[in-house]
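**Q** I am attaching a structure below and will ask some questions about it afterwards.
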Amino acid sequence: MARHGDTRSPSPVGSTHSSSRRSRRDDDRYERTKRDDGRSYRRSRSPERRYRERDRESYRRRERSIARRDDYRDEDSYRPIRRDRSRDRRRSRDRGDDRDYRRRSRERDFRCRRDDSRDRARRRADDSTDLKHKSRRDSSRDRPKDSASRSRETSKPATPAPTAVPTDEEKRAERLAKLEAWKQKQAAERERKQREAAAAGGARSLLDEIDRKSGLSPAVGSPQSPATPSTTADATPAPYAGKFDPKAIAKSAAPAQAASNVLGDDVAVPTAVKASATSTTTKVQANKPSTASKASAPLKAKGVVGRFGLGTKQAADMEKSSATKTLGFGEEESTRRKLERLPTPPLDDANDTNKPEDNAEDDDDVDMHEGDTEEQTAAAARAAAERREERLQNEASKTNGDTTMNDAPHSQEGEKMEVDAKEEEEIDPLDAFMSELVETAPPKKTTGAKFSKAKEQQPEAIFGDENDPDITAVGEGDADDFLAIANKAKKKKDIPKVDHAKMEYEPFRKKFYTEPSDLAQMSEGELASLRLELDGIKVRGVDVPKPVQKWSQCGLGVQTLDVIDRLGYENPTSIQSQAIPAIMSGRDVIGVAKTGSGKTVAFLIPMFRHIKDQRPLENMEGPIGLIMTPTRELATQIHKDCKPFLKALNLRAVCAYGGAPIKDQIAELKRGAEIVVCTPGRMIDLLAANAGRVTNLRRVTYVVLDEADRMFDMGFEPQVMKIMANVRPDRQTVLFSATFPRNMEALARKTLNKPVEIVVGGKSVVAPEITQIVEVRNEDKKFVRLLELLGNLYSSDENEDARALIFVERQEAADTLLRELMRKGYPCMSIHGGKDQIDRDSTIEDFKAGIFPVLIATSVAARGLDVKQLKLVVNYDAPNHLEDYVHRAGRTGRAGNTGTAVTFLTEDQERFSVDIAKALKQSGQKVPEPVQQMVDSFLEKVKAGKEKASASGFGGKGLERLDQERDAARMRERRTYKTGEEGEEEEEKEEKNEQAEERFNKVLSSVQSASAPSLPGVPKGIDLDGKITVHRTEKDANGAKNPLDKVGSAVADIHARLSRAGVMRSGVPIDNRGPDAGAFHATLEINDFPQKARWAVTNRTNVAKILEATGTSITTKGSFYPTGKEPGPGENPKLYILVEGETELAVTNAMRELMRLLKEGTLAAADSDARAPVGGRYNVV
């Protein structure tokens, strides 16, 4: 339907304004007769411009004379013929006998279903003229022309009937004749092209080739009319030497229109005239070089001769050639350059208004890019043209068996084009494009015309597989790498191991000590007597320095000596006199001395000298001195001892320990600190924080491990070794402790290099200044004795400011004793590991300041706590080994002061009496008679095998679960990797013993449950307070050595599976023989408990808590049976809970928690029943 503003009646030719307006608006019209044509409505090669109001007065060349716009609507010729093509072409692929049943292009089928002419208008405006000749439309199939055009092309010269439809035989003969003629022409053409290619230039050759194709089309397209004289064809090239006046062309359109109205039909062209037209066209093209690879590029005959004659047709083609010279630039490049040139098109195309047949050709050209991108079209056209040329040369004799005809009456170029169109119909453009992605394009012949962008288009194989990333499922890859990444993400506190071979460390100086002359002149005898006087110093190592006697002999700086004088240190202590010269000589040292002997100063003073010798810290550099301690209290104590020296020496120290906010410690480290006093765990946190950018160990050259034995034994060995591995290997390492068990020496030597071992006063000895009292008392009399001791201490005025420290074994005991003492009027506080770090710090500060005189503590305060006024230490609960006793007693009597240590022993603590008696003997004090009797009694039991002697040292407490887990892991590995040959006899013996034990436990538990009073609601025979029986998972019978036993077990297994008997029958052990079964299991029947109790042990929240706490597996099995009903044979057993775990301890803890929940739920159900009203809510009157 015509758009607004158009009129159906043709306007006079002279009406330029109306003509131009209608021409513009025709751009937006989609004519009804063309609705099924599958091609665009526009008839011009010129770029389309959207209709805008501002374009009305501007110049716009006419597309076509408005007077001639309805010529194709002639009732006698066009309309009846167009009706044949107006049907829906999707209904059948057989649309007529004149079609060779060729496969239809998929894109044309799709394109005809929608009116996308407006969308295609933008795309075709950007397509270069060179690409239009290689359209998809031409490469897919030969689009059927209207009936009049077919008549003109296929009719004989003497047949003027325009509507005659030729038969299939005639058409086939005609095509074969064209093919043979084209073969002859091709040989001569190829030679001429090679000669021309040598003399032709690059870009000019390309444009001339395009012009040649455009100029050739009028002569090859269709036969000429017999009424058209041959002189018209001869004169065709002449008018195109220059440009035309648009007005003159518009005037010449009037007689042409009149002739069209009179003639009313097309006229066939005689054969004689066709020859002259061909020769003329050949002369025109003689001087134009061509590209050999593009010889067959014109894929469609474009010379459809209309009622205006051949001259008009060729004029339009030549004008298009001139436009091509201006606008064609190649494939991708043309889109960008044409966008700049399009606003001012040349006026050579202005006479397109006179040529309706040219508009039909434009339709053909425009149609080539519909529904696809220009890059794909160009690639498809190139590939199709190259393959077509090779195929035509190789298979010219095989085209439908029609290659024998030689008398071709039509022009050779026309035959070539028709054959090309037919061959290209057989190749789908999509297949051609996809094949180009996989196959390498055949090498192009070198000619003057080359596409500069051809290489850049090769990476457009975006649909190919060769460049795709290797997309592999996670499960198919390396699962170990994936798990390693996941584990790495979880280990937030891991610090990377440093490769010291690749690090460049600065050299540093270790040796600062120069032996004084008076010590150098000392003989060996004098040296031995001196060491004996200094509490019997024992040294072990090579070339150990002699002990100093005065601070001036240590080689210290003036600032350090001034601080020492201010602190009141008159002479070095025994450990200081021997350790300071050894450390300042650059040696690694192991120092063992009694408590309160000044070990802290012994390693601090050499460290200050060590740090001052090196260059100052720069921004973001780590510390130089690193001091690690096992407890937070000891860390704060060492940091406090450093402060007097730090101010004088202009150094900085940071105390880093757990429990305190890490952000404050990070801020202090970022400001820079030469010394870090830390606990191992917090140091690893700081090293791993912020991807290692908080601090580093690159400048650490001096490392101190204070109380090293406790640090290694408390489980800090992995952390300590990890930190030490990141410190440079040539560091200086110092270890100090009051006790040093022999099994710790091997661990200490891992971190030291040829150390000097210094032992002062013997290992693990209580200082002689401490008065030790050991009393054997019952549990109920210990508190009264404690009150007596405290009363005696504070009764005298001289002890008014004295402090008392009371040690207990457990946190609960500390809080209980605190409550009792507060009731008796003693102001006191407690400290243990269960309190927050800030509370622990404030409590120790208050205790030192005298805010309260009595402190109750566990062994956490046994080390590093230095209070000068501490006069009394009470071991309310006896220490369990010698080293702990030494450290507890060593809290008093420090720095030469006197003190008292009182220890309470109960009669059942014979095991601890041995170590206490040994400590008394080593310190030179008498062992009380009751204590000696306990020692003798215990040793007798050890000889009789009733008791096992305890080993000295910090063995640790509460590690049974860790041991069981370690053993379980070892057994699991043994089961996984065993060959079935080892250890069978021992395991069988263990199983027999366990089975006997289980039977005994069952009998015992049944007796206990029968005698114990039962809770209301608890089923008969179930004792929630009785012993928990944990079973070891039954071993698979397949492990038996005897083959007959294996056969028998297999038969029994088969029978059990077939009959389903014994699998889920009441009273049979649970089925936990699967691969996921734990090493231990236990069952708890809950079927007969009240509903509240059953819910307490089966709801997800409670079960999740137990699982998290114990690490077991809890499964509800069986079926619920009401009270009084029993499961029959073959039925599921009663509802029960199965608990599985890797250790017996874990299963026992889980069962104990489940029993507690059952008991609470049963009691709650009984209470709710008791509170419930007797009757209902309503009464029936």
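Any Cβ shown, glycine's included, is placed from N, Cα and C.
Pulled the feature table from Swiss-Prot, pasting it below:
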- A593, K594, T595, G596, S597, G598, K599, T600: ATP binding site (BINDING)
- 8-17: compositional bias 'Polar residues' (COMPBIAS)
- 157-166: compositional bias 'Low complexity' (COMPBIAS)
- 222-243: compositional bias 'Low complexity' (COMPBIAS)
- 275-284: compositional bias 'Low complexity' (COMPBIAS)
- 285-294: compositional bias 'Polar residues' (COMPBIAS)
- 359-375: compositional bias 'Acidic residues' (COMPBIAS)
- 394-406: compositional bias 'Polar residues' (COMPBIAS)
- 580-758: domain 'Helicase ATP-binding' (DOMAIN)
- 785-935: domain 'Helicase C-terminal' (DOMAIN)
- 1-243: region 'Disordered' (REGION)
- 275-423: region 'Disordered' (REGION)
- 949-998: region 'Disordered' (REGION)
- 549-577: motif 'Q motif' (MOTIF)
**Q** Have a look at the binding-site residues (K594, K599) and report the one with the fewest Cβ neighbours inside 10 Å.
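**A** The binding-site residues K594, K599 were compared, and K599 has the fewest Cβ atoms within 10 Å.
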**Q** Other Cβ atoms within 10 Å is the metric here; tell me which of the binding-site residues S597, T600 scores highest.
**A** S597
**Q** For the ATP site (A593, K594, T595, G596, S597, G598, K599, T600), what does the 8 A shell look like? I mean other same-chain residues with CB within 8 A of the CB centroid.
**A** T573, I575, A738
**Q** I'd like to know which of the binding-site residues G596, G598 has the most other Cβ atoms within 10 Å of its Cβ.
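**A** Max Cβ neighbours within 10 Å, all protein chains included: G596.
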**Q** Limited to the domain 'Helicase ATP-binding' (580-758), I'd like the whole-number average of pLDDT.
**A** 88
**Q** Could you tell me which three-state DSSP class T600 (ATP binding site) falls into?
**A** helix
**Q** By the count of other Cβ atoms within 10 Å, pick out the sparsest of the binding-site residues A593, T595.
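**A** Among the binding-site residues A593, T595, the lowest count of other Cβ atoms within 10 Å belongs to T595.
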**Q** What does DSSP give as the helix, strand and coil breakdown of the motif 'Q motif' (549-577)?
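**A** DSSP classes over the motif 'Q motif' (549-577) add up to 18 helix, 0 strand, 11 coil.
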**Q** Secondary structure at K594 (ATP binding site) (DSSP, helix/strand/coil)?
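**A** Where K594 (ATP binding site) sits, the three-state DSSP reduction gives coil.
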